[in-house]
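As structure tokens, the structure follows; a few thoughts come after it.
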Amino acid sequence: MELRCAVQKYAWGKTGKSSLVAQLSQGNSTAPVVEDDPYAELWMGTHPSGPSVIKSSNELLLNHLLSNVDSLGDEEKKVFGTDLPFLFKALSVAKALSIQAHPNKKHAEELFATRPDLYKDPNHKPEMVTAWLGPFEALCGFRPVADIKFFLQEIDELAAVVGKSACEALVKAESDSEEMQALRECFSALMNTSEESVASALRQFEQRIPSLSAEKKDALQCDLFTRIATDFPGDVGCWSVYFMNYVVLQEGESMFLGPNVPHAYIFGDCLECMACSDNVVRAGLTPKFKDIDTLCSMLDYQAGPVDRFRMQWSNVDEFCQTCSPPVPDFAMARLRLPASATVDKAYSLPVRSNASILLILQGQATSAETKEDLSFGQVLFLKAGQQLTVQVKGEQDLIVYQAFANV
């Protein structure tokens with residue numbers, strides 16, 4: 001079944017047809033693209049904040065699942081009930097998203113019970129991000145402690161807002177547990193510094209940057225800092241550049257972000273798959289509510305290189321790969337079918353034991369089952385056990401991403 005999917009026009013999205021989300025929406029909707037509007041996210045799934053509907057009937061996908069429970073796999077129903085456990089998204093990021101983390105399941109239930117005005121559901125939100133069409137930039141997890149110490153020693157303005165005692169505690173820390181506690185104190189002190197002090201320190205550092213040597217600017221990642229500070233003047237989140245790993249994912253590369261991992265997407269296009277939740281705890285780079293105490297208390301303060309978050313894809317055959325994060329809520333597959341390889345034959349996607357959602361990211365094909373054409377931007381729902389066989393049309397390779405429950 002073909003789906004019609006919700007577009008989210010958050011302020012950080014790329015505008016008009018420069019946005020991958022806007023381009024995808026053209027294959028998914030009849031609504032015209034408004035060139036001045038931001039097109040930030042395309043949501044594919046059943047989450048009530050942006051539910052998908054079945055194109056042919058205009059019925060909510062969730063309602064269809066409730067009345068056709070055989071669409072879901074047996075294990076899927078046993079673990080998650082009669083709803084899809086995942087939310088699949090495409091994102092187009094023009095400027096940094098908030099410094100954020102997502103709670104674990106138990107914490108999400110507590111936040112939803114006590115503050116449902118801020119936290120809209122009781123689910124956790126582990127997520128996997130995959131870069132598409134060029135580099136995707138992000139901040140992710142705390143840097144190695146040696147890096148953070150270096151920045152605190154080199155940037156007096158940052159050390160001043162963190163405070164002398166917190167900086168000294170990090171310098172003197174020896175064991176891993178001491179470093180994690182000292183890092184918690186440093187980051188919490190930064191996030192709780194007055195807005196006036198933060199803004200003043202940011203201005204002083206920005207004014208000092210032009211006087212630095214080219215080598216020093218590179219060492220202090222001044223270009224990255226300046227880009228973010230320009231978009232968010234006076235925001236404490238600008239200093240997060242010096243606490244969190246900066247990562248650039250190339251097309252097709254992926255990361256998995258578990259509960260309580262601090263992160264912020266900075267620029268580029270990506271695909272995201274996550275547990276079906278919209279719970280976000282924020283503390284910077286946003287005009288939205290900043291729940292600083294909750295964020296600082298919940299974060300994973302394990303420091304180290306960003307490689308610990310990277311995910312590897314496994315080959316199923318010469319055309320198909322899968323990636324399975326360490327959670328039952330979701331996994332992903334991707335298909336790249338060269339036009340030249342399938343001129344005279346069709347390709348059958350691996351049959352999944354659970355329901356899945358597919359996004360056509362490039363190319364055109366014909367479905368052997370329905371004889372209908374498939375093209376860029378279309379979103380398909382396959383029930384558990386359903387076969388899809390395709391034959392590529394035209395000169396472009398066919399690229400498809402698929403999300404499904406990991407049980």
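Glycine is no exception: its Cβ is also placed from the backbone N, Cα and C atoms.
All TrEMBL annotations are machine predictions without curation.
Averaged over the domain 'Phosphomannose isomerase type I catalytic' (2-145), the predicted model reaches a pLDDT of 95. Per TrEMBL, the feature domain 'Phosphomannose isomerase type I catalytic' maps to 2-145.
The Cβ of H102 (Zn(2+) binding site) lies under 8 Å from the Cβ of A108, H124, K125, P126, E127, L257, P259, N260, V261, S277, N279, V280, V281, each of which sits 6+ residues away along the same chain. Here TrEMBL flags Q100, H102, E127, H263 as Zn(2+) binding site.
The domain 'Phosphomannose isomerase type I helical insertion' annotation in TrEMBL covers 168-244.
As annotated by TrEMBL, active site applies to R282. Within the same chain, residues at least six positions away from R282 (active site) with a Cβ under 8 Å of its Cβ are S98, I99, Q100, K288, F289, K290, D291, L295.
Each residue of the domain 'Phosphomannose isomerase type I helical insertion' (168-244) gets a DSSP state, and the totals for helix, strand and coil are 61 helix, 1 strand, 15 coil. Listed in sequence order, I99, Q100, A101, A138, L139, C140, G141, M244, L257 are the same-chain residues six or more apart from H263 (Zn(2+) binding site) with CB atoms under 8 A from its CB. Under DSSP, the residues of the domain 'Phosphomannose isomerase type I catalytic' (2-145) split into helix, strand and coil as follows: 38 helix, 45 strand, 61 coil. Compute the center of the Cβ atoms of Q100, H102, E127, H263, which mark the site for Zn(2+); besides them, the chain residues with Cβ within 8 Å of that center are A101, K125, L257, V261, P262, V280.
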